[in-house]
């Protein structure tokens, strides 16, 4: 059994939607990123890679590589899963906390969980996503960006 932790941050930029957990959410800003900016899937990918001792997403999908420009983070997550399976691991469960003052996440969490479960080839009850604010403190509280903490448990396949 292995545990990994992931953390990612993206700042807001021009745009009218963000993508979190594969779900497109209308918002007054987008997220600045080389890929699609899905900070939730990036943190989950890092947690999974860390648990399997496979480095991090920067190693596997460098932002200096043009092939990952605008990349769909769901595709990247599925690639991470293949890497983990290749090392003899399977996902036990994942848990993530989105830290954002806005937009409100509650209406989208069920859809995020469903897509993540599909991409990780696990049951819905093996995926948890929750959201919190920082009570208007710090960069997320000032609505400058979004942060996500994620934890993954891997089991021998």
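Cβ coordinates come from backbone N, Cα and C, glycine included.
Pulled from Swiss-Prot:
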BINDING   8, 10, 42  divalent metal cation binding site
BINDING   8-10, 34-35, 56-58, 61-65, 100-106, 132-135, 139, 142  4-CDP-2-C-methyl-D-erythritol 2-phosphate binding site
SITE      34  site 'Transition state stabilizer'
SITE      133  site 'Transition state stabilizer'
Please identify, from the binding-site residues 35, 132, the residue with the sparsest Cβ neighbourhood, meaning fewest other Cβ atoms within 10 angstroms.
132
Cα-proximity to residue 34 (site 'Transition state stabilizer'), 10 Å cut-off, over binding-site residues 8, 65, 103, 132, 139:
65
How many Å lie between the Cα of residue 65 (4-CDP-2-C-methyl-D-erythritol 2-phosphate binding site) and the Cα of residue 42 (divalent metal cation binding site)?
16
Where's the emptiest Cβ shell within 10 Å among the recorded positions 10, 34, 42?
34
Hey, how far is residue 132 (4-CDP-2-C-methyl-D-erythritol 2-phosphate binding site) from residue 42 (divalent metal cation binding site), Cα to Cα, in Å?
18
Whole-number Å value for how far residue 133 (site 'Transition state stabilizer') lies from residue 103 (4-CDP-2-C-methyl-D-erythritol 2-phosphate binding site) (Cα to Cα):
10
What is the total of other Cβ atoms whose distance to the Cβ of residue 103 (4-CDP-2-C-methyl-D-erythritol 2-phosphate binding site) is within 10 Å?
19
Give me the non-local Cβ neighbours of residue 61 (4-CDP-2-C-methyl-D-erythritol 2-phosphate binding site): same chain, 6+ apart in sequence, Cβ-Cβ under 8 Å, ordered along the sequence.
35, 68, 71, 76
Rounded to an integer, what is the Cα-Cα distance in Å between residue 8 (divalent metal cation binding site) and residue 139 (4-CDP-2-C-methyl-D-erythritol 2-phosphate binding site)?
13
Shell list (divalent metal cation; ref centroid = CB of 8, 10, 42; cutoff 8 A):
9, 31, 33, 37, 38, 39, 40, 43, 146, 148
Taking DSSP three-state, what's residue 132 (4-CDP-2-C-methyl-D-erythritol 2-phosphate binding site) in: helix, strand or coil?
strand
